[in-house]
Amino acid sequence: MTEVTKNDFTEEGKIVRKIRSFVRREGRLTKGQEGAITECWSTMGIDFVEQVLDWNEVFGNNNPVVLEIGFGMGASLVEMAQKAPDVNFLGIEVHRPGVGACLAAAKEAGVTNLRVMCHDAVEVFESMIPDSSVTTLQLFFPDPWHKARHHKRRIVKAEFAEMIRPKLNAEGVFHMATDWENYAEHMIEVMNAAPGYENIATDGDYIPRPDERPLTKFEARGHRLGHGVWDIKFRRNA
């Protein structure tokens, strides 16, 4: 398992510092997480390289591809892969404990249609994701960066919407979910302004939680406390 960070440079050779949507709060791996990475990486892990993936080589078939950015500890992603064996899932997460937990859960569940990466998703999209190949891109509960001075760190922004659009297949879907109303409004504003997308909601801007997105323990607790969750789906239309 390797980790590589790309740097951009000015004409003078100075490094351009990128604004990232995440902070590496790297906790210790448990023995189980570390063991899962050691045991499962060769079959379920994908190292970052500056080369476009061939999904048939990655999964051994040409089934539809669902890609999730920031899967946390991976419980929901593994559950989705279990319930949809004829769909291929790729999860990207920057925190190694989450990657280890996801691999451990996937091994226990016996899923074979799931692969994971431990890298910055933006760099993965720029270098490795084939054009017109992703059926659904999932972004569930990303860091809201709720302080106004940190809004520039939010992953959903005009540049991101532009970058992912050519990776979605014809009528591919970008599915977002957040429990911060301000971030939901921001997502709608960004995506409404982004060319080549249409909101699939039929009543207002948001949709009910789709059956394919599992209800997390965190989300269920939020519901009990009266907290809202906003699901948003935009379809590529150009």
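Even glycines carry a Cβ here, placed using N, Cα and C.
Fair warning: this is a prediction, and the values are worked out from it, not measured in the lab.
Around the Cβ of Asp120 (S-adenosyl-L-methionine binding site), a 10 Å sphere holds 22 further Cβ atoms from the protein chains shown. The S-adenosyl-L-methionine binding site annotation in Swiss-Prot covers Glu68, Glu93, Asp120, Asp143 and rests on sequence analysis.
Look at Swiss-Prot and you will find Asp143 tagged as active site.
Sequence-distant neighbours of Lys147 (substrate binding site) (same chain, 6+ residues apart, CB-CB distance under 8 A): none. Residues annotated as substrate binding site in Swiss-Prot: Lys147, Asp179, Thr216, Lys217, Phe218, Glu219.
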Around the Cβ of Phe218 (substrate binding site), the count of other Cβ atoms that are within 10 Å: 12
Nearest-integer angstrom distance between the alpha carbons (Cα) of Lys217 (substrate binding site) and Asp143 (S-adenosyl-L-methionine binding site): 17
Count of other CB atoms lying within 10 Å of the CB belonging to Thr216 (substrate binding site): 18
